[in-house]
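Here is what TrEMBL records for this protein:
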- Gly158, Gly160, Lys161, Thr162: ATP binding site (BINDING)
- 95-112: compositional bias 'Low complexity' (COMPBIAS)
- 147-280: domain 'AAA+ ATPase' (DOMAIN)
- 363-432: domain 'Chromosomal replication initiator DnaA C-terminal' (DOMAIN)
- 1-80: region 'Domain I, interacts with DnaA modulators' (REGION)
- 85-112: region 'Disordered' (REGION)
- 336-455: region 'Domain IV, binds dsDNA' (REGION)
Amino acid sequence: MTQEQWSNIRQRLLKTVGQNNFTTWIAPMVPGEINDGIITLNVPTNFFGNYVSQNFSDLILHETNAEGLDVSRLNFALAAKPAANSETAPEQAKHTTAATKPPAVPPSVTSTAPLDPRFSFDNFVVGKPNELAHAAARRVAEGGPVTFNPLFLYGGVGLGKTHLMHAIARELQQRQPEMSVLYLSAEQFMYRFVQALRDRKMMDFKELFRSVDVLMVDDVQFIAGKDSTQEEFFHTFNALVDQNKQIIISADRAPTDIKDLEERVQSRLQCGLVVDLHPTDYELRLGILQSKLEVQQKTYPGLDVENGVLEFLAHRITSNVRVLEGALTRLFAFASLVGREINMELTQDCLADVLRSSERKITVEEIQRKVSEHYNIRLSDMIGPKRLRSYARPRQVAMYLSKQLTSRSLPEIGRRFGGRDHTTVMHGVRRIEELKQSDSQIAEDLELLGRALKS
Ligand SMILES: Nc1ncnc2c1ncn2[C@@H]1O[C@H](COP(=O)(O)OP(=O)(O)OP(=O)(O)O)[C@@H](O)[C@H]1O
């Protein structure tokens, strides 16, 4: 880090922590190296390091990142020589610690992030991939005795985690309006925490979070690597579980797969019910499209969709529900603008970019794996030098499919087949092209493999 960068960070910290805190806690620190996303800060005493770590680390991280530095952790090391100002630090520390105790102020009113009215159970389409998550969410939304705590929902991007969280919150509020339900993203949790530190309102913060009946935190993976936030989250979590209050968490992966999440936090997150939303299948995608179609038709009455269009979209757009939904919205907007009906031609025109980017990229390695499984030979034999027909034919099939289904050139394909020459690949491809016409078994194998790879 350059001197100038550190000086910018210090200036911003001065504004957020105030002159007193700055002189006592920030000014004496001397930055060291940044390694693997960890910045070393040299501090005069262990006590000093602990205090800064507990009270200011998220702020420091935030400002360091704002300066464009890729830092996810702070490491406090004892400075060889006392840093400037350090002699005065312990004395001032006492004052500051005392000063951080806030005056007794009533806790602020519990407020939730606004709930999206579109996200209710009524318009959540259930299929095999999400039925367990849906059932668990429904159970929690009934608001009965707490049976699993926390409920941990996870799944890839755009598979409906936030939708289910909002649906639970809405349902709980409707069934039991007196219940205080706090829904927020993990990012908002962190910013509230940092703000409470800055404004010296930690007591209010703690009281607010410990007084709710249901706490819902979306995208918890966000706090990974943010040590003080994790610590505070851990205490909040424990306090609520102790009081038998329901906690619902979502993340983009399972607790054990969240890197840089403390082990104790991971283990707490797993002690209730962990359910995942699997990637959608064709039937679920079609169901979702049909339900979104009704919404679109209310906005654009009279606009019809030709048979086969929804099926085509469900087949082609497999990445996530958000993209699927966006595609339908765009189709309707486009059709109503140009005054055309929604048929296959319009769909191809209007969604060319989405359809192109959602085409699955098949790799040579995948092809090799599938083909060797199909012919029941080892992958190493397919790539290796053996020339026996029982290896050579599958190898040629794999070369042919690699040419057809990937954008790799012949030399690139050759390199992936044990460093073979491009002429060998060309020969293999031609041989299979010939056999495809004369050998019905080969033609059938190609058809089957092609379909399996594209699905
Ligand atoms: N089963 C479903 N039925 C109806 N709509 C769905 C379903 N699954 C997802 N959606 C819709 O897809 C969009 C994306 O869902 P959502 O925001 O809940 O995803 P997410 O899993 O929270 O994604 P992210 O990881 O990006 O936070 C929303 O508009 C949501 O309504």
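Backbone N, Cα and C define each Cβ position, glycine as well.
Model, not experiment: these values are computed from the prediction.
In the shown protein chains, 27 other C-beta atoms lie within 10 A of the C-beta of Gly160 (ATP binding site). Secondary structure at Thr162 (ATP binding site), as computed by DSSP, is helix. Residues near Thr162 (ATP binding site) in space but far in sequence (CB under 8 A, at least 6 apart, same chain), listed by position: Asp116, Phe119, Asp218, Ser250. For Lys161 (ATP binding site), the same-chain residues that are 6 or more apart in sequence and have a Cβ closer than 8 Å to its Cβ are Leu153, Tyr154, Gly155, Asp218, Asp219, Ser250, Ala251, Asp252, Leu277. Here the domain 'Chromosomal replication initiator DnaA C-terminal' (363-432) is broken down by DSSP into helix, strand and coil counts: 51 helix, 0 strand, 19 coil.
Counting every protein chain shown, 18 other Cβ atoms lie within 10 Å of the Cβ of Gly158 (ATP binding site). Mean model confidence for the region 'Domain I, interacts with DnaA modulators' (1-80) is a pLDDT of 84. Listed in chain order, the extra residues whose Cβ falls within 8 Å of the Cβ center of the ATP site residues Gly158, Gly160, Lys161, Thr162 are Gly155, Val157, Leu159, His163, Leu164, Ser250, Leu277, Val321, Arg322. Taken residue by residue, the region 'Domain I, interacts with DnaA modulators' (1-80) breaks down under DSSP into 44 helix, 18 strand, 18 coil.
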